[in-house]
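Heads up, the thing below is written out as structure tokens.
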């Protein structure tokens, strides 16, 4: 009998620096109950693979309108309803792994996401779930200073603050204050700070719930910010959102729907050793 220990294939992708580990659960067959522990261990930088989130791609249940489904977990092990950049990465990888063709739909906890993916170009465009729960112009105090805060859910909750410039903001401090503000309890919110460069350009920094830090990009945050900015008359329906990582996400608002587009890059594929992460195979 061979003494070789079993390994688990995985793929590492990023969308504008927002990075994720993907596992094909058709073969692993990991239970949903075990997934949070896997997310915490695998996403832990320096000790795991390192990522902002972990995604399991799986076969859609019989009769489901989607081509496949995903299970998305933040780095802290919390399950999230949706993630914009991960959805673009999922769309590209799913085509490459044979889950679906270039134009397809997949199931998330927030609903069905429609996608168009170009594997060779490393690019995808997705139609996010429709925005809801819009609340504009709420005054909240952060660190003793009043801020005008806007809110919308673009699959996950997002609070947005507009400022003349976001370059010098202490986002770890202000972002955490907004993310945990009692106004959004008990679930909390993602925290976005944005500046309007012109009617077609936004500069955005996001403190993500579940990552508990600033990320290089946030797709649903870009969508939320662009949607609110357009609703307030500050920008056009199509904008480029410059992210903390320096890359640009495309947002198009059409008849109340939001489309997110941009690069979805596979960095590497490999095999992980579960025992080295303190994990047990099913």
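Glycine too: its Cβ is placed from the backbone N, Cα and C atoms.
Residues or ranges marked as substrate binding site in TrEMBL: 18, 74, 84, 85, 190, 208, 209, 219, 220. Secondary structure at residue 220 (substrate binding site), taken from DSSP and collapsed to helix, strand or coil, is helix.
Annotation source TrEMBL lists active site, proton donor at 83. The Cβ of residue 83 (active site, proton donor) has 29 neighbouring Cβ atoms from other residues within 10 Å, across all protein chains displayed.
Under DSSP, residue 83 (active site, proton donor) is assigned to coil, being neither helix nor strand in the three-state scheme. Marked as active site by TrEMBL: 83.
Per TrEMBL, active site, proton acceptor is recorded for 218. Note: residue 218 (active site, proton acceptor) has non-local neighbours 18, 84, 85, 190, 192, 204, 206, 208, 243, i.e. same-chain residues 6+ apart with C-beta under 8 A of its own C-beta.
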- Note on the structure: Within 10 A of the CB of residue 209 (substrate binding site), the number of other CB atoms across every chain shown is 22
- Item | Least buried by Cβ count (within 10 Å) of the binding-site residues 18, 190, 220 | 190
- Task: For residue 84 (substrate binding site), just count the other CB atoms lying within 10 A of its CB, please.
- Result: 28
- Query: When you look at 18, 74, 84, 85, 190, 208, 209, 219, 220, which the record names as binding substrate, what is the longest CA to CA distance in angstrom?
  - Reply: 15
- Item | Three-state secondary structure, which DSSP defines for residue 209 (substrate binding site) | coil
